[in-house]
Amino acid sequence: MVKFLVIFWFVVISFSHVSAQVCLERSGFFTPNSTYDLNRRVLLSSLPLNVTAIDGFYTTWIGEHPNRAYGLGMCVPGTDAHSCSDCIILANARLLQNCTNQTEAIVWRIDRTVCLVRYSNRSFYSSLGMEILRSDNYTRDFQANLTDLEITWEALMIRMIDQASYLYYAAGIRKLETSISRIYGFVQCSRDLSLQNCTKCLQQNVVEYRSCCRGRQGGIILRPSCFIRWELYPFLGLFDNIRPRQKDGKSISTGAIVAIIVVPILLLALGVGLWKRRKAYKTKTTKIADDITTSGSLQFEFKAIEAATCNFHNVNKLGHGGFGEVYKGTFPNGTEVAVKRLSKTSGQGEEEFKNEVFLVAKLQHRNLVKLLGYAVKGDEKILVYEFLPNKSLDHFLFDPVKKGQLDWTRRYNIINGITRGIVYLHQDSRLTIIHRDLKAGNILLDADMNPKIVDFGVARNFRVDQTEATTARVVGTIGYMPPEYVTNGQFSTKSDVYSFGVLILEIIGGKKNSSINETDGSISNLVTYVWRLWNNEPLLELVDAPMGENYDRNEVIRCIHIGLLCVQENPADRPTMSTVFHMLTNTSITLHVPQPPGFVFRVRFKPNPLADRLQRGPSTSMSFSCSVSVTCVSPR
């Protein structure tokens, strides 16, 4: 473990407000008002808005080496935006006031909610920080049965750590056997950790409890990467919807704890034995459902899906995606959903189905379409999504009439929203996720025209230490796929960057990437067309005519520039999506001069209809609004 000197330790202790702040020497010091200090202040000021906008968790960096500042902000998932923002603002103020020249500092603030703010001159993302920042037993000794307290406390912690191993946080209540008292507990990990390291950090806090806080009525243990807190009273409003785990009058003993562990294992073994004896039809259904271990609570009854879609009536059909059809469904309570029915004949169907459920069920971000659940029945595999009324982006962008609804403000907002969504997939989600099929048809629009990324059927997740991979099966949409993926099957986060670059150019120009008829009679793709404009002709010729002159010229030119940087032939020359986000939101960042992009061509021939269909690829339109009404009549 790296040893370091704690320069400043600030602790405020009360029953309503707990915080711990540490300014660290290990990374050195900076000169006040230096470039690093400025970057640090800009970084901290960006956290309150971005943390609340991106599901309560945000990582970023500002500046260039050696003055780059890395930062992280986090609130408990589900915290209302106002409380989260206030907590981050107060944490920032504490750091700026007390860590005047330390290049690294951490603060956990626990007031009306829990928040974490951290900055450094080095990248600490995904690193496990195990130094104890604070270990306090600031309440009185427990006066009743200590054995009961110990058993109940450890049982509660085991359950919460298990839940945090896939959610990064957990709150719980457990009643003592020998008194009316209840233990209220809360655990939280920094969401940049791997799930394995989250569990490891929390388990070490349990070990620390035994040496610092055994027998106390309450306490808190804080590390850079995680913390635990427990009390004999509810705190932070975390327990309003939680019922005590142990019923009144029921004892919990060592034998009971063992039973809790052993019985499910025995039942699982018995279930596996029965599972192997079932008919093939039942076997396949159970296999898929059992594989999706993280999403059991999301399962719908297949009959309920049939009823909601009028038995998949054609009038409810919204569109056709890469691996199946999409229908509109309406449940008896009036809730509207989009139902994706995977094709039975697709050789990729089952794999893609499980992949999508595994990935999407773990993702929570305002720029991603929310997966509500799934259903399986034999060969039938169903995904249920939130219903978005405004169709997909391509229905507006490439329609000569509807594109008029997309002024520059809306288009710029769509570009920024897509950027945030991909940054979350690549960097801020629990796994590094590569979409591999980003296109206008996979960007849905909500009622306010905010973008939401959909269709994770071909998505791939990476290990933390993995940067690229190779596939023998190239999937996606021609025109959006980068050269290294088409020719060699190599993909990485830079594959999505390429697709995003094409998408930016389509959004600005209102033109499909598939083919552009140039003035000299030749045919090229959109990337080639924009590259020619960049070198020889007015760049703003690209701007979609319906926007007229009502746009910010500098914003448009900068977005075109970023689009060209994203479609560079060499993946190493493309920026990361995090860098793209900073390029869009910070105009002081100087952009590099782009080199010729990948797939630049110019050929004189007439378009081939078949090739044109291949170039466009399948498009999912999950929000198509059908004007025909159908009444489902159920038999009496």
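For all residues, glycine too, the Cβ spot is worked out from N, Cα and C.
According to DSSP, Gly324 (ATP binding site) is assigned to a strand segment. What Swiss-Prot records for Leu318, Gly319, His320, Gly321, Gly322, Phe323, Gly324, Glu325, Val326, Lys340 is ATP binding site.
Mean pLDDT, taken over the domain 'Gnk2-homologous 2' (130-235), works out to 85 on the 0 to 100 scale. According to Swiss-Prot, the domain 'Gnk2-homologous 2' annotation covers 130-235.
Around the Cβ of Asn33 (N-linked glycosylation site), a 10 Å sphere holds 9 further Cβ atoms from the protein chains shown. Under the heading N-linked glycosylation site, Swiss-Prot lists Asn33 (among others).
In sequence order, Tyr58, Thr60, Gly73 are the residues near Asn50 (N-linked glycosylation site), counting only same-chain partners six or more apart with C-beta under 8 A. Among the features that Swiss-Prot reports, N-linked glycosylation site is placed at Asn50 (among others).
According to Swiss-Prot, the feature N-linked glycosylation site maps to Asn98 (among others). Asn98 (N-linked glycosylation site) has a Cβ environment of 17 other Cβ atoms inside 10 Å.
Under the heading N-linked glycosylation site, Swiss-Prot lists Asn101 (among others), citing sequence analysis as support. The number of other CB atoms found within 10 A of the CB of Asn101 (N-linked glycosylation site), across every protein chain shown, is 14.
Spatially close to Asn121 (N-linked glycosylation site) yet at least six residues away along the chain are Ser27, Gly28, Phe30, Tyr36, Pro66, Asn67, Arg68, Ala69, Tyr70, Thr103, Glu104, judged by Cβ distances under 8 angstroms. Mapped onto three states, the DSSP output places Asn121 (N-linked glycosylation site) in coil. Per Swiss-Prot, N-linked glycosylation site is recorded for Asn121 (among others), and the stated evidence type is sequence analysis.
If you look up Swiss-Prot, you'll see Asn137 (among others) marked as N-linked glycosylation site, on the strength of sequence analysis.
Look at Asn145 (N-linked glycosylation site): DSSP puts it in coil. The Cβ of Asn145 (N-linked glycosylation site) has 15 neighbouring Cβ atoms from other residues within 10 Å, across all protein chains displayed. Here Swiss-Prot flags Asn145 (among others) as N-linked glycosylation site.
The N-linked glycosylation site annotation in Swiss-Prot covers Asn197 (among others), and the record cites sequence analysis as its basis. Taken residue by residue with DSSP, Asn197 (N-linked glycosylation site) is part of a helix.
The feature topological domain 'Cytoplasmic' is assigned by Swiss-Prot to 276-636.
Its Cβ taken as reference, Leu318 (ATP binding site) is surrounded by 23 other Cβ atoms within 10 Å in the chains shown.
The secondary structure of Asn50 (N-linked glycosylation site), as reduced to three states from DSSP, is helical.
Distance between Cα atoms for Gly324 (ATP binding site) and Asn98 (N-linked glycosylation site): 57 Å, as a whole number.
It is 55 Å from the Cα atom of Asn98 (N-linked glycosylation site) to that of Val326 (ATP binding site). Ranked by Cα separation from Asn145 (N-linked glycosylation site), the recorded positions Asn33, Asn101, Leu318, His320 are led by Asn101. Helix first, then strand, then coil: DSSP counts for the domain 'Gnk2-homologous 2' (130-235) stand at 40 helix, 30 strand, 36 coil. Counting only the Cα atoms, the space from Asn197 (N-linked glycosylation site) to Leu318 (ATP binding site) is about 43 angstrom. Cβ-based neighbour count (10 Å, all protein chains) for Val326 (ATP binding site) stands at 23.
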